Amino acid sequence: MNKTAKLIDHTLLKPGATEFEIKTLCAEALKYGFASVCVNPFWVKLAASELEGSDVKVCTVIGFPLGANTTEAKVFEAKNALENGAQELDMVINIGAVKSGLYELAYHDIKLIRDLGKNFVLKVILETTLLTDAEKIKVCELSACAEADFVKTSTGFAGGGATIEDVKLMKANISSGMQVKASGGVRDLETLTKMVEAGASRIGTSSSIKIIESL
């Protein structure tokens, strides 16, 4: 059970999440041994306090969910999150820049956050449902050049989620030290297993407990 739990970012990103729900999320992560909790930036400080001294990481999102912030805003948001206790950052690429062929801009979004340090895990969210396969490959290459740790399929807010095909494509187009996070629509053990078999080594889901208790 614990091995599967360690694949999961226990996620609560809905805008109406309450303090009680965040505390419950953290307690669940401690109980089941999830890799991290993934919360919105406002809740990072609380999550860090609740998880202090444990091996459950605090993950938050940057430029979420649209990715359309300026690079400067994303860098500030990332720096602020790290100061508040975040250990993993899931940042959304500038999707419009990628689709416009403005790859240098998209690269700098990632690189300037990476330049904040190597003491945190950086995951780059592609939002695969909005990209062509060629664009997905390009973002994987940019992420590798910027020394990101992961590429991630989706925010879960754009109408599409992780697919087996996308996970395989992403895995095939990242550097050997990088990993893939599948997120969006992973709600049961069968889907999680398929994502892992396709090459994902981290899963983002709000159905974590349902999955673990089905083992």
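One-based numbering along the chain as shown.
Glycine is treated like the rest: Cβ placed from N, Cα and C.
Feature annotations, courtesy of Swiss-Prot:
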type	residues	note
ACT_SITE	Asp90	active site, proton donor/acceptor
ACT_SITE	Lys152	active site, schiff-base intermediate with acetaldehyde
ACT_SITE	Lys181	active site, proton donor/acceptor
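Cβ environment of Lys181 (active site, proton donor/acceptor): Asp9, Asp90, Lys123, Phe150, Val151, Lys152, Thr153, Ala200, Ser201, Arg202, Ile203, Gly204 lie under 8 Å away, each six or more residues apart in the same chain. Over all protein chains present, the Cβ of Asp90 (active site, proton donor/acceptor) has 28 other Cβ atoms lying within 10 Å. Other Cβ atoms within 10 Å of the Cβ of the residue listed as 'active site, schiff-base intermediate with acetaldehyde' number 29 in total over all chains.
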